[in-house]
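Listed in TrEMBL for this protein:
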| type | residues | note |
| --- | --- | --- |
| DOMAIN | 27-412 | domain 'Major facilitator superfamily (MFS) profile' |
| TRANSMEM | 30-52 | transmembrane segment |
| TRANSMEM | 58-81 | transmembrane segment |
| TRANSMEM | 93-112 | transmembrane segment |
| TRANSMEM | 118-140 | transmembrane segment |
| TRANSMEM | 152-177 | transmembrane segment |
| TRANSMEM | 183-204 | transmembrane segment |
| TRANSMEM | 229-258 | transmembrane segment |
| TRANSMEM | 264-284 | transmembrane segment |
| TRANSMEM | 296-314 | transmembrane segment |
| TRANSMEM | 320-342 | transmembrane segment |
| TRANSMEM | 354-380 | transmembrane segment |
| TRANSMEM | 386-404 | transmembrane segment |
Amino acid sequence: MSTSMSTSTAISVPTGAGRLRLGRAGSFRVVALSYLALMIAGSAPSPIYPIYQREWGFATSTLTEIFAVYAVLLLLALLTVGGLSDLIGRRPVLLAGLGLFTVDMVVFALAPDVQWLFVARVLQGIAAGLSIGAMTAGLIDLAPPGKVRFASVLSALIPAIGLAAGALISGALVRFGPMPTRLVYLVLGAGFLVLAVLVALMPASGDRRPVPLSALTPRMRIPAQARRTFLQVLPALVVPWAQLGFTLSLTSSVALGVFGVHDVFVDCLLVALPCAAGALSGFLTRSTDGQRANQFGMVGMSVGSVITVVGLVIPLVPVYLVGSLIAGLGVGAAISGTFKVLAPLPAEHERAEFFAAFFVAGYLAFSLPAVAAGFAIGSFGLVRTAVVYSAVLVVLALVAMLTGRRRVTREG
C-alpha cells in the first residue's frame, strides 16, 4: 500500500507489517478524543467532592489542598516531561499518559478515604502534565493538509468542551445513576483503556533522539523565534485561564453559599454552561484574526465579571448566570485567539515543549488564584473573595487589551 493511501484513510495495513495501523485521519481523531477525555476527567471529580466531604467529614480547606496537589504535580510534570514527545515520539508518551489515567480512574473508583483522593489527584496531575504537550503537538502534526488553523482552533476548544462535559456527565451520573462515587470513574477508565489500544495502532511519529538527564530538569523553554510573540500575548493567555479557575473553583461554593442551590445537577449546570459558552465562542471566532479574537475575549470577560459581581451582591441567580455566560464567551474567544497566534511559531520538533510552556503559564493562572481564593474564603467570606477575584480579572483584562493594541500598532 502506498504512503499516500495510508495517510488518506482512517485505517491501513502497511505492506509487510502484518498488523493494523491507523492512518493520518484516524490518528488525528484518536489524539483529539484523548485530549477531550483528559479534560473530562479533570472536572469529573468536582460534583462528587460534596459526597466525599459528607461521608468522610473533612474540612472545606481540604478540597483546596486536593486541588493544589493536582496543580503542583501537573506543573512539575509539564516542566520536566511536558516536552518529552519531541525526543521519543508522540505515541510512547501518549501510551504512558493514557495508562496512568486508567490506573488513576481505578484509584478514584476504589477510594475508601480522603488519602486516596490525594493519591488519585497526584497521579492525575502527572498524567496530565505528561500528556498535554504531546496531545496538543500531535493535533498540529496530524492536521489535514492546509488545516493547521483548524487544528489550532480545535486545540483551543477542547479544554472548554471537556471541562463542561466532565461536569455535566459526572453531575448527571451522580444525580440520576447508581454508584455515584464510582460510575463516572469506571466509564472514564474504560474509555482511557480503549484510547490506549487505539494509540498503539498509530504509526510512530518523529525521529527518536537520546534523552539526556538535563532534558528532565524542570525548565520552561520557548523557541527563540516564538519568544517575543509569546511574551507579548502572555497577558491575553493568563486572563481566560484565571477566569476558568474562578468558574471551576468558586461556582459550586457560590451556588450553595449564596444562592442556596442543593441540587448537584443544577450546580453542575452553573459550572458547565459558561464552559459551553466558551466552546461556542471559540467556534464562532474560528475564522477571526487571533488578535481581534483576543480583544473580543477581554471585553467579554470584563463585562461578564462586572455582571457576575452584581448577581452576587443582589443576589440573583439569573443575573449571575448571564454574567457567567458572557465571561465564558470571552474565555473561548481569548483562548482560541491566543492559540491561533502562537500555534504556527514552533518547528515540529519543538511543539510539545512549546505547548508545555503554554500550559504552564495557563495552569499557573488557573490554579494559583483559585487556591488563594479557597484559603481567603475562610478569612474574608465567599462574596468578598469572589468580588475581589472578579475585580482583579477585570484589571488584568484591561492590561491585556492595552498590550494587544500596542503589539498591533508596532507590527502595523
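Just so you know, glycine gets a Cβ as well, placed from its N, Cα and C.
The stretches the transmembrane segment (183-204) and the transmembrane segment (152-177) meet in space: the count of Cβ pairs below 8 angstroms, excluding pairs fewer than 6 apart in sequence, reaches at least three.
The stretch with the most CB contacts under 8 Å to the transmembrane segment (264-284), chosen from 30-52, 118-140, 152-177, 229-258, 386-404, is 152-177. Of the two recorded stretches, the transmembrane segment (320-342) does not lie close to the transmembrane segment (118-140), with fewer than three CB pairs under 8 Å once pairs fewer than 6 apart in sequence are set aside. When the stretches 93-112, 118-140, 152-177, 229-258, 386-404 are ranked by Cβ pairs under 8 Å to the transmembrane segment (354-380), first place goes to 229-258. Mean model confidence for the domain 'Major facilitator superfamily (MFS) profile' (27-412) is a pLDDT of 89.
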